[in-house]
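Record features (TrEMBL):
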type	residues	note
ACT_SITE	233	active site
ACT_SITE	278	active site
DOMAIN	121-185	domain 'PDZ'
DOMAIN	225-335	domain 'Lon proteolytic'
TRANSMEM	9-30	transmembrane segment
């Protein structure tokens, strides 16, 4: 083979590789993300800032792979490949999926504030603002009017106290409805019909999936900067960091403490996905203690799965099972401070 021909082949291979690198496959690749200290992200006004250790949230990194990342993920430990159709609902776009994950994060923050302030003996107040559109049902009237992320604040000039009240009103409507909504900071109005749902013709609506939009008013106020992180799984650790700033005691006891779990308004800790990636992420950051939800689903739990990963990676990290926020506080109360 002449050098000229060889160079042409190399150039052709290089061009093909570049083209393939831009083509995304219909899969997600999940891998260990990060363990991030929460004190810089959460600020309670006038709160304590004397942590000797850290509370951390853990994340899972999600990639939309090209062919090269897909092949690499096949051989990497703790990389998981999942078809997008198994993750997103039928007809749901990537934008709609991402919007929904951010709404789940917002609700995780609200529940974390409720839980932490309750255990600190400080009352909080909910202020209802309307509903957020997180998804549009294909073929329904909303498809022509609304987008994921729109905030509906009025229907026929009426305001509601919950999404249940909102839904009941819409179900009974026989004439077109006038909705008032906010999109990108701009208030808009539009008329919209109701129609039977394709999968449940007895029920009527205009075809949106929604979540309540409410604000938690707390005194002292708290700010949580979660950036672009989505999903509900940081709730438990948000609660701990807020509680730590609300109270005089340093609940970290000098340890690096991570964990995961969705938190409910009354302090229950619910299981999450991706526990194996989060354990690896925490171990990479030299975390001492990891709180894992112990609620069993289909014969296993995040805690049991975490123990398996701990053994696989030969980690010294202490894995602690928890069902409630109170479980974490009870554990930390008995924990001797680092170095004692």
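Positions of Cβ are set from backbone N, Cα and C atoms, glycine also.
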Going along the chain, which residues at least six beyond the ends of the transmembrane segment (9-30) come within the CB cut-off of under 8 Å?
60-70, 73, 79-85, 87, 274, 277
Using all protein chains in view, find how many other C-beta atoms are within 10 Å of the C-beta of residue 278 (active site).
28
In three-state DSSP terms, the structure that residue 278 (active site) belongs to:
helix
Around the C-beta of residue 233 (active site), how many further C-beta atoms are within 10 angstroms, looking at every protein chain?
29
Could you find out if DSSP has residue 233 (active site) as helix, strand or coil?
coil
Roughly how many Å separate the Cα of residue 278 (active site) from that of residue 233 (active site), to the nearest whole number?
11
So how many of the residues in the domain 'PDZ' (121-185) end up helix, strand or coil by DSSP?
14 helix, 26 strand, 25 coil
